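For reference, the structure discussed in these notes is given below.
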Amino acid sequence: MQVEAHLQKIIDQEGKVHLTLIDPASQTPERAAEIALAAVKGDTDAIMIGGSTGASGTLLDETVIKIKQKVDVPTILFPGSSAGLSSYADAVFFMSLLNSRDIGYVVTNQVLGAPLVYRSQIEPISMAYLVVEPGGTVGWVGDAKLIPRRKPEIAAAYALAGKYLGMHYTYLEAGSGADTPVNPEMIGAVKQVLGENKLIVGGGIRDAKAAKLCASAGADMIVTGTIVEEVKDVTAKVAELVSAIKR
Ligand code: 1GP
């Protein structure tokens, strides 16, 4: 429970958590490590590593290893399938895409991956993963029955089901590179039913204003991936996002 306890401590002390997502398929392991280091200089709290396509095998292992050589914040796997596991990471979001039509993304990949997690030192953090419109690549790959943007009650019902099934975290995902993030009404409705359980929001968050809107609406943790991979000054961008959400 080290990473989960660490993130809880940050929430207790600073109110919110910022997570930087790095997709191993988007750059070399060396460049991924440079981005991670720059993000840590901007005060990100942990590095998530994963993606829907191509984030597996040697490329994934080397990306995790290089990142761990450069930074001392936790590395958390964000696997698109059982192939997204690496024994070098500190933790894994052990997640079920609850609104997938494909049982593979609901439970079969988890069954295939569980023995590896059991044999390794990776800390599993149980998570209900919910994909909201527009959903992007993960919505397509994960065959998600996308939650309509303007139906917060559907998202809240899924989140409640995840909580009752024992999941500690809920992740509201608009899809990487979404035009706009999940709206504040949906974030608020989900956080209301979750209570003390943690809510992560990601997909389409690019600036301080959007990050603040999501955090104020009830997100405990904000994820940014695309913008961090795109900007020249990663440290300045992450610092902008972090200062918008922390107290
Ligand atoms: C994707 O929610 C994450 O799974 C991050 O999205 O790439 O749009 O920041 P972005």
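Using N, Cα and C of the backbone, Cβ positions are placed for all residues, glycine too.
Those TrEMBL annotations? Automatic predictions, nothing curated.
Among the features that TrEMBL reports, Mg(2+) binding site is placed at Asp23, Ser52. Per TrEMBL, sn-glycerol 1-phosphate binding site is recorded for Tyr171, Leu172, Glu173, Ala174, Gly175, Ser176, Gly177, Gly203, Gly204, Gly225, Thr226.
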DSSP state at Thr226 (sn-glycerol 1-phosphate binding site), helix/strand/coil: helix
Which of Asp23, Glu173, the listed binding-site residues, has fewest other Cβ atoms within 10 Å: Asp23
C-beta crowding around Thr226 (sn-glycerol 1-phosphate binding site), within 10 angstroms: 19
Fewest other Cβ within 10 angstroms of its own Cβ, chosen from the binding-site residues Gly175, Gly177, Gly204: Gly177
Three-state secondary structure, which DSSP defines for Glu173 (sn-glycerol 1-phosphate binding site): strand
Neighbour tally for Tyr171 (sn-glycerol 1-phosphate binding site), based on other Cβ positions within 10 Å of its Cβ: 25
Binding-site residues whose CB lies under 6 angstroms from ligand 1, from Asp23, Ser52, Tyr171, Gly175, Gly204, Thr226: Gly204, Thr226
Integer Cα-Cα distance in angstrom, Thr226 (sn-glycerol 1-phosphate binding site) to Ser52 (Mg(2+) binding site): 13
Nonlocal neighbours by CB distance (under 8 Å) for Ser52 (Mg(2+) binding site), same chain, sequence gap 6 or more: Gly80, Thr137, Val138, Val141, Gly142, Ser176
